[in-house]
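Database features (TrEMBL):
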type    : residues                               : note
REGION  : 34-57                                  : region 'Disordered'
DOMAIN  : 108-359                                : domain 'Nucleoside phosphorylase'
BINDING : Arg149, Arg193, Ile194, Gly195, Thr196 : phosphate binding site
BINDING : Gln272, Arg274                         : substrate binding site
Amino acid sequence: MPPTGIALDDADHRQRRSHHFDYKHNFDHVHANDSNSLLNTEHNSHPLADEHKDDDSSYKEIHKMTRYSDGTVKLRNPNIELMDQDILYHLALGSESHDLHEMFGDVKFVCMGGTPKRMEIFAHYIMNEIGYKLPPGTMLQDISEFSYRYSMYKVGPVLCVSHGMGAPSISILMHEMIKLMYHAKCQDPIFIRIGTCGGIGVEGGTVIITESSLDAQLRNSQEFVILGKTVHRPAKLDEKLARELKSLASHDDPYDTIIGKTLCTNDFYEGQGRLDGAFCDFTEADKMAYLNELREHGVVNIEMESTIFAALTHHAGVKAAVVCVALLNRLNGDQVNAPKEVMNEWQQRPQTLVSRYIRKVLAQKGQLKNMFGHQGLFGHQGSIKSPRRFKLVQQESQAHE
């Protein structure tokens, strides 16, 4: 397997060890900047005020906190360095049981989607798109199969991971994926969520790139309750990445690709104003008034993961984007009635756009060729550092149901 990532020099090793001592000061300083930015937003005339006037200095400080000098990921948690082993329970991986740098050090793109099947399909698709060749006699392998929670497939520099449904599920995955990037010494990884959504004034089959993610109260933030206290973190996505993805939409595509605001809710039914849940305490007129109000404020779609995804990637200094396909226009109804074959084709559309971006980046770096012989999908037995710890990680992961 070709070298993955770039080894840290002595200075960076010392930087990792000293990170523990200056963490508290830096965290308090940047966290205060984040909070002030959010407070300024909430005191604007409307919570949907333009977010294009982000504080560049705040972003630079966050990036400084979350990167070593060679671009590898630095965690905003000093406790990890003090642990004998960091077990990523829900991925069935461990920092001492597996050689995570050998396995994942070359990862440049982390693509996430809701279901294991969708991400397996995407793994096969991106493998063809970037010209990745498996060694003879090998096949795609679910790296996290022993976790029984998420599925993960590696295709060269692309990691394809399922995140389940809703904020709690993707939150757990995001913590462990960011830690995985740290342990693997990945350099400036890009996270992209590929999903489905309901459109607002947007017909089924339309590809939607999120420019700004809003919570159910139309705030561009994610609310956390930590040690009993409410904490808001900005839910910021990379605007340049969103524009670059939009530029890759083709005039030959038989569908529209748009950029707009995304509403993120905590559930599929009442939180999204659906009339067809087990409970409904509002009228159709109430629902339509709500959806039309969202539309007037520039919201073009609704889903259930974007604010937590945006908040955690921003807090980690990771460039990120959300690309979804609308399965229906919510102004016309609540239930998804498109035939299965149509739905399958629609779900391919955001994957196509994301693959164009990945191909473009790899081509610019001259990395589309010479991918034969990588072992990123199969046969990680050679990456097991400790058989005893490997067995322990499997047992721990299976025990945390």
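Every residue, even glycine, has its Cβ placed from backbone N, Cα and C.
Rounded to a whole number, the distance between the Cα atoms of Arg274 (substrate binding site) and Gly195 (phosphate binding site) is 20 Å. Counting every protein chain shown, 26 other Cβ atoms lie within 10 Å of the Cβ of Arg193 (phosphate binding site).
The binding residues for phosphate are recorded as Arg149, Arg193, Ile194, Gly195, Thr196; their greatest pairwise CA distance is 20 Å. When the alpha carbons of Arg149 (phosphate binding site) and Gln272 (substrate binding site) are compared, the span between them is 26 angstrom. Within the set of binding-site residues (Arg149, Ile194, Gln272), the lowest number of other Cβ atoms found within 10 Å of a Cβ is recorded at Arg149. Cα of Thr196 (phosphate binding site) to Cα of Gln272 (substrate binding site): a span of 14 Å.
If you draw a 10 Å sphere around the CB of Thr196 (phosphate binding site), it holds 20 other CB atoms from the protein chains shown. The Cβ neighbour count for Arg274 (substrate binding site), using a 10 Å radius and every protein chain shown, is 18.
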